[in-house]
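Read through the structure below, which is laid out as structure tokens, and then see the notes.
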């Protein structure tokens with residue numbers, strides 16, 4: 001009897017040791033790069049690592065999402081010397097925005113079927129190629145004006161619009177199902193791109209102001225810097241961001257909730273996703289709200305973003321370049337105004353990180369957004385009767401409210417939804433944001449009625 005008991009115990013010990021060895025082998029396979037399943041990764045008890053690395057990368061990717069376009073806006077003073085009769089700040093914005101919104105409508109409609117990895121990489125690559133060719137156009141024409149180079153720059157501005165819709169919608173949708181700090185960092189990066197370019201513009205303007213072709217030399221310098229930043233973003237997103245543990249965790253979670261847009265990113269990180277035929281989640285778990293229902297449930301947030309940017313773009317940048325008069329700062333005046341807007345816009349996007357300063361009430365957000373319409377008569381009367389100090393203050397306040405309200409809306413809106421729904425909602429809200437920018441760019445032309453001809 002004792003020998004039988006000893007034999008049974010021996011068999012149990014062998015089985016336990018085999019199971020333990022199998023588990024260890026499975027873990028080693030994960031670390032060694034063998035494909036694992038999304039449910040295994042999402043169900044891991046260990047807290048995902050890499051949050052602060054992910055926030056840093058999101059910030060850099062945010063810079064890359066707008067640095068090309070902000071480069072063209074910030075060298076507006078250079079383009080006004082090349083194309084003085086063509087209103088470049090207004091025309092380039094008017095070319096860029098309809099293309100961006102048209103592309104975004106298509107991408108938002110087919111959002112659930114689009115490979116987010118290919119979408120974002122295509123967007124960053126198009127940004128790099130376009131900003132590089134802006135530099136090539138200037139070098140090829142030796143900085144001369146004329147209708148030919150102007151049309152070429154307008155075509156490249158349209159390319160920026162396509163890239164912006166791909167990257168901004170793709171990134172915001174992707175980050176909406178991750179922690180709010182990621183999307184806040186990305187939005188701060190968007191503002192930082194403007195602040196960075198503005199600071200570079202002021203430095204280059206000061207450095208080359210007295211030299212021959214100083215404006216052109218400065219413009220060429222940071223167009224080259226912008227091209228380098230776009231190239232860095234391509235490699236960061238393609239190689240590093242995808243493999244961060246916390247990013248893999250959130251994407252695995254979204255995949256288990258039915259998201260198909262993250263499959264390529266997970267595959268690049270060595271994680272497989274189950275399809276329905278492979279024994280994946282049942283239909284009930286993978287059900288999601290339609291885009292129409294998501295839009296109606298978040299109509300106030302959509303209205304918020306539309307009017308935030310409609311008001312901002314009706315003033316910035318065209319009005320600040322053409323309708324603020326002549327003051328003591330001379331040619332530095334518009335450069336200082338653009339820089340103040342961008343810097344304060346960046347700072348304001350960190351205010352919501354303080355919990356008691358973050359505005360989360362839907363009614364309060366609507367009131368704050370509609371109160372910004374008062375800025376339009378304020379700018380009009382300041383330009384007509386005020387001095388440059390008041391204009392700088394108003395421009396700073398415009399940037400403050402723009403950045404702060406944008407972060408509040410985009411970090412609060414996705415709460416309570418599943419991963420695929422958050423991705424879809426992020427794309428819809430970016431569509432509303434771009435629509436507001438487009439409306440603002442059109443309304444900006446009203447400032448020149450009675451002040452001259454096109």
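Using N, Cα and C of the backbone, Cβ positions are placed for all residues, glycine too.
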Could you check which of 220-241, 242-263 is flagged in TrEMBL as transmembrane segment? 220-241
Labelled transmembrane segment by TrEMBL, one stretch among 25-47, 186-208. Can you tell me which? 186-208
Let me check one thing: do the transmembrane segment (332-352) and the transmembrane segment (364-383) come into contact, meaning three or more Cβ pairs under 8 Å with sequence separation of at least 6? no
Whether the transmembrane segment (147-165) meets the transmembrane segment (91-109): three or more C-beta pairs under 8 angstroms: yes
What parts of the chain pack near the transmembrane segment (91-109), using Cβ distances under 8 Å and only residues at least 6 beyond its ends? 69, 72-73, 79, 119, 153-154, 157-158, 160-162, 164-166, 169-170, 291, 313, 317-318, 424, 427-428, 430-431, 434-435, 437-438, 441-442, 444-445
Contact between the transmembrane segment (186-208) and the transmembrane segment (54-71) is defined here as three or more C-beta pairs under 8 Å separated by at least 6 residues; is that satisfied? yes
Does the transmembrane segment (425-448) make contact with the transmembrane segment (301-320) through 3 or more Cβ pairs under 8 Å, each pair 6 or more apart in sequence? yes
Between the transmembrane segment (121-141) and the transmembrane segment (389-413), are there at least three Cβ pairs closer than 8 Å, leaving out pairs fewer than 6 positions apart? no
Contacting positions for the transmembrane segment (301-320) when only residues 6+ beyond its ends and CB under 8 Å are counted: 73, 76, 87, 89-90, 93, 97, 295, 334, 337-338, 341, 362, 365-366, 369-370, 372-373, 375-376, 379, 383, 395, 398, 401-402, 405-406, 409-410, 412-413, 428-429, 432-437, 439-441, 443-447
Surrounding residues of the transmembrane segment (389-413) on its own chain - C-beta under 8 Å, 6+ positions past either end: 172, 176, 180, 183-184, 187-188, 191, 298, 301, 304-305, 308-309, 312, 315-316, 320, 324, 327, 336-337, 340-349, 351-352, 358-360, 365, 368-369, 372, 375, 378-379, 382-383, 425-426, 429, 433
